[in-house]
Every structure is written in structure tokens, then in C-alpha cells.
Amino acid sequence: MKAPVRVAVTGAAGQIGYALLFRIASGEMLGKDQPVILQMLELPLEKAQAALKGVMMELEDCAFPLLAGMIGTSDPLVAFKDADYALLVGARPRGPGMERKDLLLENAKIFIEQGKALNQVASRDVKVLVVGNPANTNAYIAMKSAPDLPAKNFTAMLRLDHNRALSQLAAKAGVPVADIENLVVWGNHSPTMYPDYRFATAKGVSLKDKINDPDWNANVFIPTVGKRGAAIIEARGLSSAASAANAAIDHMRDWALGTNGKWVTMGVPSDGSYGIPEGIIYGVPVTCANGEYTRVRDLPIDEFSRERMDKTLAELEEERAGVAHLL
Ligand code: NAI
């Protein structure tokens, strides 16, 4: 059996936390031969800590063979101590009448504190996934607050958007989801994101050619994927949790264990390619191997795509400008 690794999860008593922790502990994220120690962070509020205690009791009651230990805390320095993986799920939700700007600033405080704590105590190789919204900018803030850790270790979750796009595409093209390769979701995890199926294939057949419907792309596919989060809230009365946790598992599993050449979307700090300014956390296609992600390079960008990629970039630049004075 391998030595246990430490997995920190924030917002552990929230709805995504509840859909996530049990799957990590059962080995779905890092493999059935990898023991894990869960280090769970929640707000110091009595109710949050009590709920976290309840989640830990349930984890205990599962008697997971791979669960080598558990810590529940309200102190980021405890939660992130020696963490090999950190899933930053907890965030300040948008309250009634709250402006986008205020939401950004409230979350900036959280991700500055957590970035600093990661910088201070986490493993130097920690892989960080930010799920809490606004995910890309929160990841950017945490990265900037952790100057001693490699910037490439900070990522934001675009995988839910990627998975949503896969299912929409599979349904339209009448192909199994598992056959689809080479899909991309560019940009911000927000309705401005650009799901791009120009390179997508199923068993080597171009899905763009098979579907051959630019109107569907512009007026159905892109808006359906972009507004899917709102549609789930409308239907369920709560935001997506199981699918978000599933996407977080997919993101971390692929990063840690590799994708066998398959493209997946990750929000990663830009290296300046595709006209995205360096450092901005932007959804791009990557492949993963040996615990590292590598960008898919030199894809042609047509006028339609450029326009959409620039729109989602403009939103990210605006978010970055909104928090610049804090960093
Ligand atoms: P939730 O409200 O059910 O749970 C969030 C938990 O985080 C709460 O228990 C809260 O006490 C805790 N929390 C808040 N601030 C914290 C802090 N500073 N430190 C530690 N814990 C803290 O929310 P849910 O549904 O679990 O969603 C979590 C976040 O994930 C939200 O920001 C949501 O918008 C985002 N999200 C992101 C998606 C993506 O694709 N990137 C998809 C779906 C949700």
C-alpha cells in the first residue's frame, strides 16, 4: 500500500462538500490504491462546525479502507498543513441585493487568507483546484497570495462546463459521450465561457461536419452550456452540487493520474498563448501525464472564436482589475 497523501477540502460541510468527500475517501479521485488523509476546513460558526462534525461521523461510519485519517478545523493553517491536494470549495455566496463587485471583494478576503496559508504550510507540490465562485479570479487571488509556490499549481474548475458541453454534444450528434475527443471550453467559469467543438471528433469523425449547423452552435449549444448553472437552480431550487463534485473529482483525478492523451479543460494561469495575457486563469485544453498538465498548442482561432474568447477574457480582466488593489 502507498503512503497516505493529504487532501484538504474547504467548505466541507456544504452541499458540494457532501457530494465530494465520500468519493475522495472511497478512492475515486486518486485511485483505489492511494490512502488519503482528509483535512477539512469550515467556518468557525457553531452551526458550520457542528455540520462538519456530522459529516466526519458519517465518513467514519463508511469505514472506508483508504481513509487513513481525518482532521476537521476552522484554521486554514491546520487544514493546509503539508497538503498534497487542496480543493477550495468554500466561498461567500451572493446574498440578496449584493453587487458582483462586493461578491468579488468578499471572496478576495477568503482567497488571500487561504493563498497565504497554502504558501506557509502546504506541500511545495500541492495541487490546488478552486471551485468556489468566482472560481477563476479566486484561483488568481490565491496564486498571487502564494508567491513561494509554483503558479502552475493553481487551477480553476472549468470541468463542469466541459462535461456539460460533452453531454449536449453527444445528444445532438447521437454519439456516446465516451467517444467524444478534443472538446474545449475557453475562458471564465461564467456564462461568458466559450464551449468550442470545432476540433471535436467521435471515433475520428468531425462532429462539426456531422452536425453541420452553425445556427445550433451559436444559438443553442453555446447559450445552453453557458446558462446551465442557472437552469439547474431554476429546476432544483439549489445550485448544482453532485455534478460539481463529480467535475472536481474528474479534474483532480486527471491531473494526478493522467488523461492518456485525451484533451480536458482546466482553468490554468496563462503562459501568454492564444492571446491571453500571462497569469490570467483561463480555461484551455490540456492533456495530463505524470502529475503535470500540458497545454494543447497552436489550435487555429477563427474570427467567431476570437470574438468569444475576447469577451470572456474581458470579463476576467475586469475581475482582476477589481481586486488588483488588494494584491
Ligand atoms: P454551500 O453554501 O452549500 O457550501 C459552502 C460551504 O463553504 C458552507 O458550508 C460554508 O460554511 C463554507 N465556507 C464559506 N466560506 C468559507 C471559508 N472562508 N472557509 C471555509 N469554509 C467556508 O455551497 P456549495 O453548493 O457547496 O458551493 C460552493 C461553491 O462552489 C460556491 O461558491 C458555488 O458558487 C461554487 N460552484 C462552482 C462551480 C464550478 O463549476 N466552478 C459549480 C458549482 C458551484
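Don't overthink the numbers, they just go from 1 along the chain as shown.
Placed from the backbone N, Cα and C atoms, the Cβ positions cover glycine too.
TrEMBL does not curate its annotations; it predicts them automatically.
What TrEMBL records for the substrate site is R94, R100, R164, and among N133, N212, N217 the residue it adds there is N133. Taking Cα separation as the measure, R94 (substrate binding site) is nearest to G132 of the binding-site residues G17, Q114, G132. Filtering A13, Q15, R94, R100, G132, N133 by Cβ distance to ligand 1 (under 6 A) retains the following binding-site residues: A13, Q15, G132, N133.
Taking CA atoms as the reference points, Q15 (NAD(+) binding site) and H189 (active site, proton acceptor) are 19 Å apart.
G132 (NAD(+) binding site) carries neither a helix nor a strand DSSP state and counts as coil. Of R100, N133, R164, H189, all annotated as recorded positions, the residue with the shortest Cα distance to G11 (NAD(+) binding site) is N133.
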